[in-house]
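Colleague: Handing you a structure now.
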């Protein structure tokens with residue numbers, strides 16, 4: 001393979017793994033509670049990343065106040081959304097969850113615009129936010145028929161992506177510039193998220209049904225691949241192809257989620273929900289300014 005395309009296998013693998021996360025959650029819910037899922041996801045992810053640190057002869061960040069910032073990111077980027085996605089997917093199919101997850105760039109732009117007033121959204125980003133809202137309305141299917149359960153599930157998932165949206169600018173400001181490798185920061189973040197979710201797992205329990213083989217594979221895929229090894233692939237993609245190409249995996253994951261949900265779980269989506277998914281992805285392109293139909297004057 002040509003040197004300039006060395007990033008492609010990892011890029012495809014990452015899109016497949018992150019797009020599979022919603023299938024993994026659906027499978028895990030057959031045996032595990034939402035609190036159990038988010039705890040085991042963090043535990044398995046931290047163990048995988050810890051092993052990678054040993055192989056790379058790397059180490060965790062030194063103790064200091066920056067661990068408070070790492071803890072905040074772990075809460076907002078792992079613990080809260082991990083729990084909310086597991087809760088929300090009790091009421092909505094995995095394919096729909098994958099589509100809602102693509103609203104993360106919209107949430108990030110909205111949070112940045114509100115929290116950091118000096119960063120005003122551009123015309124293209126405002127257009128993207130409007131299209132994104134329309135996409136969300138279609139995804140909830142409220143126009144064709146009112147389904148309170150679906151609406152509740154999508155609402156929970158949107159709270160999860162809002163948590164992502166708060167975490168992204170916070171991490172950029174307080175964590176990503178720390179003098180440690182991204183692998184060390186990822187291991188610390190995921191490890192702290194596992195610790196934060198211990199109380200919930202102890203109170204609510206980890207298992208809600210007898211352990212099922214498919215649930216076991218689901219939690220292993222979610223923890224080892226989706227929360228552990230995927231971080232390594234993501235950072236490698238950034239190193240080989242740059243952050244712009246690497247972050248484009250956002251547009252692959254909903255497609256993978258829908259395909260896997262239809263193929264393996266026999267899920268169905270209405271035409272309006274599929275159209276809403278297209279609008280959500282289009283809005284992500286606009287708010288990240290990958291497509292700029294409105295030219296700045």
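Cβ from N, Cα, C; glycine included.
Sharing the features that TrEMBL gives for it:
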type	residues	note
TRANSMEM	7-25	transmembrane segment
DOMAIN	9-140	domain 'EamA'
TRANSMEM	37-55	transmembrane segment
TRANSMEM	67-88	transmembrane segment
TRANSMEM	94-114	transmembrane segment
TRANSMEM	126-143	transmembrane segment
TRANSMEM	149-171	transmembrane segment
DOMAIN	152-287	domain 'EamA'
TRANSMEM	183-208	transmembrane segment
TRANSMEM	214-233	transmembrane segment
TRANSMEM	240-264	transmembrane segment
TRANSMEM	270-287	transmembrane segment
Colleague: Considering only Cβ pairs under 8 Å, which range in 67-88, 126-143, 183-208, 240-264 makes the most contacts with the transmembrane segment (149-171)?
Modeller: 67-88
Colleague: Which listed stretch (67-88, 94-114, 270-287) has the most C-beta pairs under 8 A with the transmembrane segment (240-264)?
Modeller: 94-114
Colleague: Take the C-beta pairs under 8 A between the transmembrane segment (270-287) and each of 7-25, 37-55, 126-143, 214-233. Which stretch has the highest count?
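Modeller: Between the candidates 7-25, 37-55, 126-143, 214-233, the best contact partner of the transmembrane segment (270-287) is 126-143.
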Colleague: Report the listed stretch (37-55, 67-88, 214-233) having the maximum count of Cβ pairs within less than 8 Å of the transmembrane segment (183-208).
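Modeller: Between the stretches 37-55, 67-88, 214-233, 37-55 has the largest tally.
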Colleague: For the domain 'EamA' (9-140), how many residues does DSSP put in helix, in strand and in coil?
Modeller: 104 helix, 1 strand, 27 coil
Colleague: Treating G and I as helix alongside H, and B as strand alongside E, what does DSSP give for the domain 'EamA' (152-287) in helix, strand and coil?
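Modeller: Helix, strand and coil residues of the domain 'EamA' (152-287) number 113 helix, 1 strand, 22 coil.
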Colleague: For the transmembrane segment (214-233), which recorded stretch in the set 7-25, 37-55, 67-88, 94-114, 126-143 gives the largest number of Cβ pairs separated by under 8 Å?
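Modeller: Result: 37-55.
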Colleague: Restricting attention to the domain 'EamA' (9-140), give the mean pLDDT.
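Modeller: Summing pLDDT over the domain 'EamA' (9-140) and dividing by its length gives 92.
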